[in-house]
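Feature annotations, reproduced from TrEMBL:
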TRANSMEM  A:21-45  transmembrane segment
TRANSMEM  A:57-78  transmembrane segment
TRANSMEM  A:99-119  transmembrane segment
TRANSMEM  A:139-157  transmembrane segment
TRANSMEM  A:166-184  transmembrane segment
TRANSMEM  A:204-222  transmembrane segment
TRANSMEM  A:242-262  transmembrane segment
TRANSMEM  A:299-321  transmembrane segment
TRANSMEM  A:348-366  transmembrane segment
TRANSMEM  A:372-400  transmembrane segment
TRANSMEM  A:412-430  transmembrane segment
TRANSMEM  A:442-466  transmembrane segment
Amino acid sequence: MSSTATKPPGSQLSDALARDRLGVASIVFFMMSAAAPLTVVAGVVPTGLAVTGLTGIAIAFLAVALVLAIFSVGYVAMARHIANAGAFYAYVSQGLGRPVGVGASWVALLSYNMFQVASYGGLGAIAQPLFADWFGVDAPWWAFALAAWALVAVLGVRDVAVNGKVLATLLVAEIALTMIFSFAEIGADTFTASTAALDPGNLVGAGAGALLVMAVTGFVGFEQSVVFSEESREPRRTVPRATYIAIALIAVVYAFASWAMISAAGPTVVERAGAEGPELFFNLASDQLGSTALHLGHILFLTSLIAAAISFHNIIARYMFSLGREGVLPRTFGRTVPGTGAPKNGSLAQSALALIVIVAYAVFDWDPLVQLFFWGGSGGGLGVLLLVTITSFAVIGYFARHPEGEDVMHRVIAPVIGSVLLLVMTYLAIDNIAGLLGVEPGSTPALVVPLSFAVLAVAGILWGLILRSTRPQTYAGIGLGARSATTTGGFAAALNETEYPR
Amino acid sequence: MASPPQLPPADDLYLTAHDTIRGKSLLSPATLGLGLGAALLGELVLWRRVDLVENQLVIIDERPTGDAATTAVLEQLRREAGQHGVRNWLAYLSTGIATDLVERRLARAGLIKRVEKRGLLGTKVSFVPADSMTAGWPATRIRTRVSRDEPLDVADLLLAGLILATGLDQHVLATLNARDRAGMFDQFRRLFPAMLQQLVAQAEASVGDAVMARRA
């Protein structure tokens, strides 16, 4: 069937717009570049093994994939009906009310920033020994983190889109390499197929919450598919298909790779993960593959971390742009550089925050791998889990009031099942936060991470309520992003000027 | 010295959006296209050919305008009447169609010149303003009127609105002080027809859209 058969005959407009539209493959690539496979498999998984001592991560990836797929049924359905569908808070604003939406937007900003800054910690910690080995460079981890930071800051403010083909090539290479290394690990002498990694009993055990949050971390980026709702060839089919394919692909690659790694390391996997860190994944395969593959793996590991840093940086800059346009954040964030369309001020703010964090970690001599990369990643994972959960309830709320155009499966059944499962996951995660971070229950990190989300959520809700009584026009536009003609860019702000004191 | 004549808003916007000497665009191609597309649709509203009613472009008069660029757009609107909302029309016109129509109109009037640059990778065609004084005039006119508290006509309000919507104001209206800015905003609210307010707001939202979807 030709693709033009479904359009009104001879519509030049439809044809011209269709030429620019995205297919399933481009959207899958985009989603997965934020997920950064090697960062998760070689970075998060071994560090998580060492910190938590839990080996059930493979089954956790599969379980989380299932829950997220169920969640996505309602999520992509709602994306078809609302503006600004790429941002969780847009769903929350429309489904559970605008004040809750503002709270969600602030939680989202914190979560994405935690991921973004975490990638600098990982990059510094991993680059340091590699550069010493390759070039004899003896520099502290933060020097490498700062170099990466500078690159991301410059690319971000100029909004240089890293060429789609480059990104796709790197991603395919990463996945291929992950699979090759995993197969090589199966061939290792110490390999004994692990049943612990795949035992569903892990999901009800004491460490279940920690495992689930670590697994969620691996999927972050999947929610970005709906950004392209209006850009895709057939929104009703392309976006859902891309979302499910990406979730399935991520689940299979991560579960297989982590199972192979845990199996190959044998019964001492937790001790080895503690001693070898991110090198564990590479060491286990190096006997079979030789040093060339090892170097290639290390290079791709670094590019994977940089790609993740860039991609989260861009997500944050656009989130702030969207909030600035709405007037929820200061209006200056709603401006772009005219020549490039780069959301400059959001980008600068993110870079400033990242710089402060890197410098603080360097000054106080905190551990970049565990305390920045892993804590940041897990904290961000917890934040995204909270957002996905509240968004799932927002989907139910929205369709209860706007049932038009979707069947019961999309409107009610899948969102309700998803919400229940997500609520259980959230409970387990918060209950198990100390185990996740590898600290004593009740100690500072175990309190600060969940409390910071709670404080931001409450502050956001309060700000939403303040906007309702002081700036009704701004309040009306919350959650509509840059797409709504009622929001406040330069011109719309001029029309709405009366609500501000001059 | 006599001021250069006022051009159609799309032409004025084009000149404002380009470096007056070398003709380099101050906007990304997508943003420029959205601005010029909205300007051409706005011209059709000013010609009393088209109305914007609840995000739909409704043709109220099919007769050609006597100008090739707007007539071409009107002809397209007529052929696919009622099938697409204004946002889709803006997206369509922004794919290079509006820019092309406006460049041709300006070139015909002798206001911009085609320049061919031969490089290693073939020939690059670009346009440069024929006269940098004329090219800089539209923005100067708006700044002068606004700072003298003189009312802008509807065509200039359309131009000024699109300058804000595309973010060009950071280049050409940056020198306005707070009082002038407030005066201009006041004119938008009092003197600018609601239909055109809607059109410019839609263009601005489309520009934001392009930023979010990484097309800008």
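Here the Cβ of each residue, glycine as well, is placed from N, Cα and C on the backbone.
Where the annotation comes from TrEMBL, it is an automatic prediction and has not been curated.
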Stretch with greatest number of CB pairs under 8 Å, the transmembrane segment (A:139-157) reference, A:21-45, A:299-321, A:372-400, A:442-466 candidates:
A:299-321
Under 8 Å, at least three CB pairs between the transmembrane segment (A:204-222) and the transmembrane segment (A:242-262) (pairs 6 or more apart)?
yes
Among A:99-119, A:166-184, A:299-321, A:412-430, point out the range having the most Cβ pairs under 8 angstroms from the transmembrane segment (A:21-45).
A:299-321
Any contact between the transmembrane segment (A:412-430) and the transmembrane segment (A:57-78), i.e. 3 or more CB pairs below 8 Å with pairs at least 6 residues apart?
yes
Taking pairs 6 or more apart in sequence, does the count of Cβ pairs under 8 Å between the transmembrane segment (A:57-78) and the transmembrane segment (A:372-400) hit 3 or more?
yes
Between the transmembrane segment (A:166-184) and the transmembrane segment (A:372-400), do 3 or more CB pairs sit under 8 angstroms, pairs being 6 or more residues apart?
no
